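Student: First the structure, which I've put down as structure tokens, then a few questions once you've had a look.
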Amino acid sequence: MSEEKSYCGFVAIVGRPNVGKSTLLNKLLGQKISITSRKAQTTRHRIVGIHTEGPYQAIYVDTPGLHMEEKRAINRLMNKAASSSIGDVELVIFVVEGTRWTQDDEMVLNKLRDAKAPVILAVNKVDNVQEKADLLPHLQFLASQMNFLDIVPISAETGTNVDTIAAIVRKHLPEAIHHFPEDYITDRSQRFMASEIIREKLMRFLGAELPYSVTVEIERFVSNERGGYDINGLILVEREGQKKMVIGNKGAKIKTIGIEARKDMQEMFEAPVHLELWVKVKSGWADDERALRSLGYVDDL
């Protein structure tokens, strides 16, 4: 009896910041892997999400948003990570937002014109478009920009047409052995996922108050005798004022962040979590490439 064929390949998800790439990845995987937040520029690492369904294994590369501004070291590195994700993939999903088209979208498009892989255009947040009459002409405009494999209007938030994207992905996976066991959903360590969860909560609860000069180091991640994990997280900010902001009045803010992060960790790790958080000022880290390397920002470049 002949063995069943298997299919496996890499799929890059690209687009300018804040168009819904991480939400789309989470929806395609059926669970939360990449951090989502209303702030642009929240994805800093190329998180690999793995989705295995029968003979098909799609390995998703979730890029940081490619963006025009490259002044700070962290932004240069994020752009470099996003650009290097476009090479060596079987398929690219280019995510744009509703009827908006910006210079940043144009820049991503220009990079994709050189890509060898076919490109699916996912027009996200179509449910938010107020003037529905504007949608068709905009889709026609997009279709004229390059030869897309397909153009799919989606809502990553509600899941509308995400299955259509998944079906196109399956169709274009080459015949190959699976790279990962079928129960894998990401190749990132639990320590890394813990830091991402804390960072998401910082973005969520501090919103526009806090600039991007915040990162999280996991200083301790150990199993305990209760069958759970003891995790110590260090939140690094650039200025004393930001430290006060993260801690909040009488520690209220950091307490909320800790409670919410712990809930998500327990759900992800399927085990009890004891989480402790500290805040420390480390000035200039977002401008210093050496500091970024020490924080693991360039481990995959």
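Along the chain as shown, residues are numbered 1 onward.
Placed from the backbone N, Cα and C atoms, the Cβ positions cover glycine too.
Residues annotated as domain 'Era-type G' in Swiss-Prot, with sequence analysis given as evidence: 7-175. Taken from Swiss-Prot, the feature GTP binding site covers 15-22, 62-66, 124-127, and the record attributes it to sequence analysis. The region 'G1' feature in Swiss-Prot is assigned to 15-22; the stated evidence is sequence analysis. According to Swiss-Prot, the region 'G2' annotation covers 41-45, on the basis of sequence analysis. Taken from Swiss-Prot, the feature region 'G3' covers 62-65, and the record attributes it to sequence analysis. Feature annotation from Swiss-Prot assigns domain 'KH type-2' to 206-283.
Neighbours and distances for these, please.
Tutor: DSSP assigns Gly15 (GTP binding site) to coil, not to a helix or a strand.
Per-residue confidence over the region 'G2' (41-45) averages 44 (mean pLDDT, predicted model).
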Student: List nothing but the one residue from Gly15, Asn18, Lys21 whose Cβ has the fewest other Cβ atoms within 10 Å; the candidates are the binding-site residues.
Tutor: Asn18
Student: Counting by DSSP secondary structure, give me helix, strand and coil numbers for the domain 'KH type-2' (206-283).
Tutor: 33 helix, 28 strand, 17 coil
